[in-house]
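Working notes, beginning with the structure itself.
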Amino acid sequence: MAEATLARRTPGRRRPALAGFAFSSPWIIGLVVFMAGPILVSLYYSFTEFNLFQSPRWVGLDNYATLVKDPKFLGSVFNTAYLAVIGVPLGLAFALLVALALNFPVRGQPLYRAIVYLPAIVPVVTASYLWRWVFNAQYGYLNQVIGRIGLPQPNWLADPVWTKPAVLLITWWGIGATAVIYLAALKQVPQQLYEAAAVDGANGWQRFWYVTWPALTPVTLFQLVMGVIAALQIFAPTYLLTQSRGNAANGGPGDSLLTYTMHLFHNAFVFLKMGQAAAMAWILFLVIGLLTSLILLTSRRWVHYGSE
């Protein structure tokens, strides 16, 4: 009897599932046609010599071997790693400090939050061109301020020593969204925990380390993963800062701002080496997947959830 009842219910259960598939089918078809298909085709192109004007010619692993021997490829890997290793942790720390400051109950708090968040909504192209003016060695606002306090004025965009710090300043300027996410997480920390810690004699640093920080670790994990992914794909700021009038971006002085994605762009659309560009894209995909997996695996040691 139980089997007969289950058999009668099964068609009814299938109808909502079929309806769900029907409603989601346009998205699934679009995913297959416009994303999954091109991704698989790019994997094939990564093993070929292809320039858009001739049929692809199978070369096996030659594209990958050529990239490993390419000084520009190795330089782009170093530049991107530099921006990621320094930019992401310091950016998260800066955003957390801003969020902690915004969490204090003071007058005008909504206004301060809006001011902090505003740079995050400025289009990256617009912001990059504004920063080109700010970093100008002769009439840039930043050097004018530095000169008035008696410090040496760097040539931000022409000196390889200062180009990467300039890009880091641009990325940190847009930490408003990260700070707002941290602020939302801070609002979720139960006040009873702070009161209990105060009763136990915990000072400010101890309350932060044993109460606030554990509550923020899940959000930090999310922001760390997203920050690493974004840093490894950084393109627009470095491209626009090194672009000369009427010409493509050249990577800056001494290729100091030639990031991985910019070198990929050059291979694809300047030199028409589509095979090498596809190989670079797949290397980047695998590296991002590996780093994300490592971060998630190690997060078990330092991320604390409310149920634990």
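The backbone N, Cα and C atoms fix where each Cβ goes, glycine too.
TrEMBL lists 77-295 with the feature domain 'ABC transmembrane type-1'. The feature transmembrane segment is assigned by TrEMBL to 21-47, 81-102, 114-134, 166-185, 215-236, 277-297.
Within the chain carrying the transmembrane segment (81-102), a Cβ under 8 angstroms from the stretch's Cβ atoms is held by residues 109, 112-113, 116, 164, 167-168, 171-172, 175, 178-180, 182-183, 186, 216, 220, 223-224, 227-228, 231-232, 234, 259, all 6 or more beyond its ends. Beyond its flanks by at least six residues, the transmembrane segment (21-47) meets 56, 58-61, 63-64, 274-275, 278-279, 281-282 of its own chain at Cβ-Cβ distances under 8 Å.
Panel annotation: around the transmembrane segment (215-236), residues 80, 83-84, 87-88, 91-92, 95-96, 124-125, 128, 167, 171, 178, 181-182, 185-186, 188-189, 259-262, 265, 284, 287-288, 291-292, 295-296, 299, 302-306 of the same chain, lying at least six beyond its termini, place a Cβ under 8 Å from a Cβ of the stretch.
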